[in-house]
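*Asks:* From TrEMBL, here are the annotated features:
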{"type": "BINDING", "residues": "B:His109, B:His113, B:Tyr130, B:Asp294", "note": "divalent metal cation binding site"}
{"type": "BINDING", "residues": "B:Tyr130, B:Val131, B:Ser132, B:Gly133, B:Gly134, B:Asp162, B:Gly177, B:Glu181, B:Asn266", "note": "substrate binding site"}
{"type": "DOMAIN", "residues": "B:29-300", "note": "domain 'Gcp-like'"}
Amino acid sequence: MPSRPSRAMTEGSEKATMRALKKMGIKTCAFHLNNDWELVRQGAEARVYKGSYEGRPSIAKQRLRSEVKRNLKCRTAGILAPEILMVDVDQCTIIMEEIGNGRTLKQKIKELEKDSNPADELKQICSNLGHLIGKMHEAGTTHGDLTTSNILLNPNGEMVLIDFGLGGGEASAEDKAVDIYVLERALAATHPNMEPLIPDIIDSYCKNNSKAAEVIKKLEDVRMRGRKRSMVG
Amino acid sequence: MVIALGLEGSANKIGVGVMKDGVVLANPRRTYITPPGEGFLPRETAKHHRENIIPLIKLALKEADIKPEEIDVICYTKGPGMGAPLVGVAVVSRTLAQLWNKPIIGVNHCIGHIEMGRLITKSNNPTVLYVSGGNTQVIAYSERRYRIFGETIDIAVGNCLDRFARVLKLSNDPSPGYNIEQAAKKGKRFYQLPYVVKGMDVSFSGLLSHIEKQAPKLIDSGEYTAEDLCYSLQETVFAMLVETTERAMAHCESSEALIVGGVGCNERLQAMMKTMCEERGATMFATDERFCIDNGAMIAQAGYEMFRANVTTRWEDTFITQRYRTDEVEVVWRD
């Protein structure tokens, strides 16, 4: 990228992350992605490859940022995220398990929208979304790019969070409110039919996060901020 | 065959364009330029537009070599924009529509930019970065709306650049942003500025306050030159824009990015966007100053698309509105 003054790898202490990896028995060593690894997606700010690691179908991601740390934090809190198999700090490569066929929540919703009466299933998705985000925020971490492309569905149909690259450290109520706001906007932009169901997500979020009140109050501010632009010119 | 006349005057440019089935027949424009250190205010800007609009219409018809009878529809900017300048242009448009007995269409200014960008670059379904003095939005088309993915939560990026140009007393001719761009080319030292991306949204006001306050000290002490600061400001704000555009593209699985709006003719922004696009195998589209800076043809082009989809504006709705969001318009002319 052009000189992007990024939050890149400076955030948090690398050492603490390395200790956490060691504790969880995750290997950290040099790893070269050979030609067997196929580039499957250029996500925002990362290249994603598909291949096999120690005989397991795996995903390799380059450009690490704070991804590993946040992934570990979520999994510790009981939220589904891909299991990390190996980390190469120097090459900025993470190897992690492949989830299902990488079907995204976005694809699922798009399919549902073609159905004649998807209301019940969409409502269930909203409830699950609220649960997921509520739990994640309860654990004190944010995602930073909560869109329906960054939530995968495993073969059991459970939601798995991916792409933690932009999450923040010790998340404030403001950070959490922005996290939810990003999702609201992404839903409105890609799944217009989901927009009326946003209150369902918030309800479920409140049930699953003991500190939800403060976040929701902040969310009201964030939404207002978004609407105040004068749109002149 | 449809000939559309477009009148634009939402900010400090007054433009009249004539479009004939996707071909620009004429597109003259005049800019209200204020002295260095000063911005443009509604009353004076409206006066400038009033004085120039009739000569410009005559010029446009002459350049296009058409007679009023040949025009099929009159299109004007309904908003968003500054009230007084918008009103003047709307009054002239309404008068012409009655005088020549033509249908009239009120066009959303932002949609004008997008449709002109799509026409000129022939991009199909791009993720749009709309950057100007009054607007900063990342837009993606979905189900008959241009949906706003991310936007500024305070001032527009162009406004941030313009106001910094005022601090440095750079000339407003041809535009403050152009002069910042030229100065930035000579900048060498990077000065770290706040980098404010909130989710998909961006914020520039804190960053501007910071650099406004620091600039005199940094320049006086000889630590940084004005050029260094222009360079640092551009790199920082453009990186924020490229970051949010990239994330919208990743989510929409978009293979095209289109930059529109006045700031879109900045070559550094185009270069940064191009680098990002190349990294992800996408294509970057942008237009030059004729079309990315406000002009009449873009209003004619959006109006032309609407007219072909049988949309005209009812007489009682031919008012102006200072606030008019991009996603309020139903895009009936696209699938």
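Each Cβ is built from the backbone N, Cα and C atoms, and glycine gets one as well.
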*Asks:* Out of B:Tyr130, B:Ser132, B:Gly134, B:Gly177, B:Asn266, which binding-site residues come under 8 Å of chain A, measuring Cβ to Cβ?
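*Replies:* Out of B:Tyr130, B:Ser132, B:Gly134, B:Gly177, B:Asn266, B:Ser132, B:Gly134 lie under 8 Å of chain A.
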*Asks:* Just checking the binding-site residues B:Ser132, B:Gly134, B:Gly177: which sit within 10 A of B:Asp294 (divalent metal cation binding site), CA to CA?
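*Replies:* Within 10 Å Cα-Cα: B:Ser132.
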*Asks:* Within 10 Å of each Cβ, count the other Cβ atoms, then let me know which of the binding-site residues B:Gly134, B:Gly177 comes out lowest.
*Replies:* B:Gly134
*Asks:* Counting other CB atoms within 10 A of each CB, which of the binding-site residues B:His109, B:His113 comes out lowest?
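*Replies:* Result for the binding-site residues B:His109, B:His113: minimum number of other Cβ atoms within 10 Å at B:His109.
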*Asks:* State the Cα to Cα distance, in Å, between B:Asn266 (substrate binding site) and B:Tyr130 (divalent metal cation binding site), rounded to an integer.
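*Replies:* Their Cα atoms are separated by 12 Å.
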*Asks:* At a 10 Å cut-off from the C-beta of B:Asp294 (divalent metal cation binding site), count the other C-beta atoms across all protein chains.
*Replies:* 28
*Asks:* Of the binding-site residues listed here (B:His109, B:His113, B:Tyr130), which is spatially closest to B:Gly177 (substrate binding site) when Cα positions are compared?
*Replies:* B:Tyr130
*Asks:* Just to verify a number: CA distance, B:Ser132 (substrate binding site) to B:His109 (divalent metal cation binding site), in angstrom, no decimals.
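*Replies:* B:Ser132 (substrate binding site) to B:His109 (divalent metal cation binding site), Cα-Cα distance: 11 Å.
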*Asks:* Could you say whether, by DSSP, B:Asp294 (divalent metal cation binding site) belongs to a helix, a strand or a coil region?
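*Replies:* For B:Asp294 (divalent metal cation binding site) - judged by DSSP and reduced to three states - the answer is coil.
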*Asks:* Take the C-alpha atoms of B:His109 (divalent metal cation binding site) and B:Gly134 (substrate binding site) and report the distance between them in angstrom, rounded.
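*Replies:* The separation of the Cα atoms works out to 11 Å.
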*Asks:* 10 Å Cβ neighbour count around B:Ser132 (substrate binding site)?
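*Replies:* So the Cβ neighbour count for B:Ser132 (substrate binding site) comes to 27.
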*Asks:* When you measure from the Cβ of B:Tyr130 (divalent metal cation binding site), which residues in the chain that are at least 6 apart have a Cβ under 8 Å away?
*Replies:* B:Cys110, B:His113, B:Ile114, B:Thr136, B:Gln137, B:Val138, B:Ile139, B:Val260, B:Gly261, B:Gly264, B:Thr326
*Asks:* Per DSSP, B:Tyr130 (divalent metal cation binding site) is which: helix, strand or coil?
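*Replies:* Assignment for B:Tyr130 (divalent metal cation binding site) reads strand.
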*Asks:* Does DSSP put B:Asn266 (substrate binding site) in a helix, in a strand, or in coil?
*Replies:* coil
*Asks:* Would you give the longest CA-CA distance, in whole angstrom, between residues of B:Tyr130, B:Val131, B:Ser132, B:Gly133, B:Gly134, B:Asp162, B:Gly177, B:Glu181, B:Asn266, the set recorded as binding substrate?
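*Replies:* Looking at B:Tyr130, B:Val131, B:Ser132, B:Gly133, B:Gly134, B:Asp162, B:Gly177, B:Glu181, B:Asn266 as a set, their Cα atoms extend up to 18 Å apart.
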